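Notes for the one structure printed next.
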Amino acid sequence: MANLNKRPDWIKVKAPNSVEYYNTKDLIKNLRLNTVCEEAACPNIGECWSKKHATMMILGSVCTRACRFCNVKTGRPDLLDPHEPQRLAEAVQKLNLKHVVITSVDRDDLEDGGALHFAECINEIRKSSPNTTVEILTPDFLRKEGAAEIIAHSKPDVFNHNVETVPSLYKTIRPGARYYNSLSLLHSIKKLSSEIFTKSGMMVGLGEKISEVIQVMDDLREAKVDFLTIGQYLQPTKDHAEVAKYVTPEEFKYLERVARTKGFLMVSASPLTRSSYHADEDFQKLKQNYRQSLVS
């Protein structure tokens, strides 16, 4: 039996130590911003920050959910910071980002789930960096009427919402969420604004069956999702869900091949794939694939 306490060689990454990494870290700290890179203990932080790529996390650093896979703090959330959109826009400008990814904690305590704050962040970025494309990775806005309309009206270039895992694992892994609500949100954004690219991601290695993963692919295509990401689940602490399996690179290649047959414009599947990993390069590929789909 494999020792799941020891990560296989294909998971290991170099410790961050570049000058650019520390410059990015200092800028984020000085502007009092949060990043999911730090809060979720992302394994790709060294590579991304060395390239001045960081996924900004808005709406505070405390989540109202307690998902079993996530390392973000849970509890009573922070007060909404009305100046955060301006500081975020300043960071985007100083980092000279061509493509920015904005995510957030869940804010079940807010009437709109934080949708208007997302819109304000997008608007501020577009004021100061009009050529920067904007990708948002949102919570599910469960029971937040009108949230999808607010988001669609703000016109992000990419709308991302992760289904995270297969529906049979929701009760244990993502207990505060509803699988079909996530699908509905993704479909709603596409129906409200067809020019917005939609994206969703999931983790494997939590005990799911391959047949279940393939069913999720079908469900996402039914919801008109354009871009699918699949990555290895890594246990953040001993208090989180345990890794059931380390999926091999060959198995990821198989999942990617299957996903491509389903009609996604883009698929990224590998052990270290994360929602915003290489997001800037992938956005360019996404646009190119879309243009090719129009003439094929």
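Numbering starts at 1 and runs along the chain as displayed.
The backbone N, Cα and C atoms fix where each Cβ goes, glycine too.
What Swiss-Prot records for Cys37, Cys42, Cys48, Ser276 is [4Fe-4S] cluster 1 binding site. According to DSSP, Ser276 ([4Fe-4S] cluster 1 binding site) is assigned to coil rather than to any helix or strand.
Annotation comment: Swiss-Prot describes 49-265 as domain 'Radical SAM core', evidence class sequence analysis.
A sphere of 10 angstroms centred on the C-beta of Cys67 ([4Fe-4S] cluster 2 binding site) encloses 20 other C-beta atoms. Taken from Swiss-Prot, the feature [4Fe-4S] cluster 2 binding site applies to Cys63, Cys67, Cys70.
Here the C-alpha separation of Cys70 ([4Fe-4S] cluster 2 binding site) and Ser276 ([4Fe-4S] cluster 1 binding site) works out to 16 Å. Distance from the CA of Cys63 ([4Fe-4S] cluster 2 binding site) to the CA of Ser276 ([4Fe-4S] cluster 1 binding site) is 19 Å.
In sequence order, Arg65, Ala66, Phe69, Asn71, Val72, Thr74, Val105, Asp106 are the residues of the same chain, not among Cys63, Cys67, Cys70, whose CB sits within 8 A of the CB centroid for the [4Fe-4S] cluster 2 site. The secondary structure of Cys70 ([4Fe-4S] cluster 2 binding site), as reduced to three states from DSSP, is coil rather than helix or strand. For the recorded site, Cys63 ([4Fe-4S] cluster 2 binding site), the DSSP three-state label reads strand.
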